[in-house]
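Student: Pulled from TrEMBL, these are the listed features:
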type: REGION; residues: 1-22; note: region 'Disordered'
type: DOMAIN; residues: 48-219; note: domain 'MENTAL'
type: TRANSMEM; residues: 55-76; note: transmembrane segment
type: TRANSMEM; residues: 96-116; note: transmembrane segment
type: TRANSMEM; residues: 123-145; note: transmembrane segment
type: TRANSMEM; residues: 151-171; note: transmembrane segment
type: REGION; residues: 204-235; note: region 'Disordered'
Amino acid sequence: MNRVPADAENAHSSSVESCPSLRDVHSINPTQLMARIESYEGREKKGISDVRRTFCLFVTFDLLFITLLWIIELNVKGGIETTLEKEVLHYDYSSSYFDIFLLAVFRFKVLILAYAMCRLRHWWAIAFTTAVTSAFLLAKVIISQLFSQGAFGYVLPIISFILAWIETWFLDFKVLPQEAEEENRFLIAQDASERAALLHPGVLSDGQFYSPPESVAGSSDEDSEEKQDSEKPIV
């Protein structure tokens, strides 16, 4: 006897639980969704995201900063021309800083090619440059005699090492996660806009409405009375 009320209560409770989801779906604003989609498509048309552009600027700063320090080191040692000839033409692994400059050029070329021109969305390129930089600098510090040449023997290797790892951190924790999050938001907004288009169709035009012609007032009553009179038998 109580099965019917119980079923009715279950059906009512399930309908009440489904109401919030329906409200959430109907609360979607198609204008805001289309604005988000257009903004994402605009960023895609620019070719590169803002956070990736910042990363490329930092890679460029890495090269320019190491170059500046190397030029200062050339001047400190007795003039650019003589020191440049000594470090480049008569290169010595144990006393020259020219290889640290070439290491910065190597990082710049690989990273700009991978993440600016090819727009790579993986960490293997930055992992390769950081591993090569770390191994080379550790070997140079251990084998060479840089520490006996003054402050630049400490500054150039340490700064080059730090900048390489900052680039790795910035790409792995900022660039790639933020771009993946923006892409997921774009897919969710696109899916929600498609659902909103199905749930909120366009306004019907005037031609889609149909109204029957109005009947003359009182004509239906008169017709029914005449029909009843004609059906009465004649006495």
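Here the Cβ of each residue, glycine as well, is placed from N, Cα and C on the backbone.
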Student: Short question: which residues 6 or more past the ends of the transmembrane segment (55-76) have a Cβ under 8 Å from it?
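Tutor: Contacts of the transmembrane segment (55-76) (Cβ under 8 Å, skipping residues fewer than 6 from its ends): 48, 83-84, 87, 97-98, 100-101, 104-105, 107-108, 111-112, 115-116, 150, 152, 155-156, 159-160, 163-164, 166-167, 170-171, 174-175.
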Student: Are there residues at least six beyond either end of the transmembrane segment (123-145) with Cβ under 8 Å to its Cβ atoms? List them, or say none.
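Tutor: Hits for the transmembrane segment (123-145): 93-95, 99-100, 103, 106-107, 110-111, 114-115, 157, 160-161, 164-165, 167-168, 171-172, 176.
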